[in-house]
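Okay, structure first, notes after.
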Amino acid sequence: MLIEIPEVLTKEQVAQCRQLMDAAEWVDGNVTSGSQSALAKNNMQLPEGSPVARQVGDLIQDALGMSPLFISAALPLKVFPPLFNRYEGGQAFGTHVDNAIRQLRGTNFRIRSDLSATLFFSEPEDYDGGVLTIEDTFGIQEVKLPAGHMVLYPSSSLHHVTPVTRGVRVSSFFWMQSMIRDDAQRTLLFQLDGSIQAIGAERGAGDPEVIRLTGVYHNLLRMWADS
């Protein structure tokens, strides 16, 4: 399941974050690569744990916590602190799959990567290329979203970023461990939650069918969830 989540950050927040990031020091993006990714990766990255990365990352995590669409789609258990990359001058990221396990450097914090996310900090018209192309059971999807918008997709997906031939592409990328390991089960719960919300808006939260379906949702969540 691939989900676009609009306006995770406002345009004002994006501008403030870009001001901080544009003034920061960037390093070779391979500092966070696995062995496979290192062969395909050519970009720059904010150092993990840098003050700017922490500040903007905290803002992103706070915003995600207030996004009903994100919570419904991801059912997050743990979120890896957001990282940040920058592409320009022909830089690209070849086809790869994300590592199954991610550990935060110098800590015992680690997650199973069930879902991957990219949050855009550059407007589509400000750069050429830089298309995130994702391959999975839903087919091949090309993603290039407005600044402040985010895409969420299974970490098991093959994906790549096409060369940036004009301008600069800045984004945040991170992973999360969902309470629901299986993508098909997570998709079913997301669809069921959406139907409950739609019926509830039409009939009211006290409608017997809304109550019954809400019970079904929570019983499935109870059956499948890790916590």
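Cβ coordinates come from backbone N, Cα and C, glycine included.
Per Swiss-Prot, these features apply:
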{"type": "DOMAIN", "residues": "78-178", "note": "domain 'Fe2OG dioxygenase'"}
{"type": "BINDING", "residues": "HIS96, ASP98, HIS159", "note": "Fe cation binding site"}
{"type": "BINDING", "residues": "ARG169", "note": "2-oxoglutarate binding site"}
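Annotated features, which come from Swiss-Prot, shown on the structure.
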residue : record                      : CB count, 10 Å
HIS96   : Fe cation binding site      : 18
ASP98   : Fe cation binding site      : 20
HIS159  : Fe cation binding site      : 23
ARG169  : 2-oxoglutarate binding site : 26
Three-state composition of the domain 'Fe2OG dioxygenase' (78-178), taking helix and strand from DSSP: 3 helix, 62 strand, 36 coil
Cα-Cα distance linking ARG169 (2-oxoglutarate binding site) and HIS159 (Fe cation binding site), given in Å to the nearest integer: 17
Distance, ARG169 (2-oxoglutarate binding site) to HIS96 (Fe cation binding site) (CA atoms, angstrom): 19
Arithmetic mean of per-residue pLDDT over the domain 'Fe2OG dioxygenase' (78-178): 97
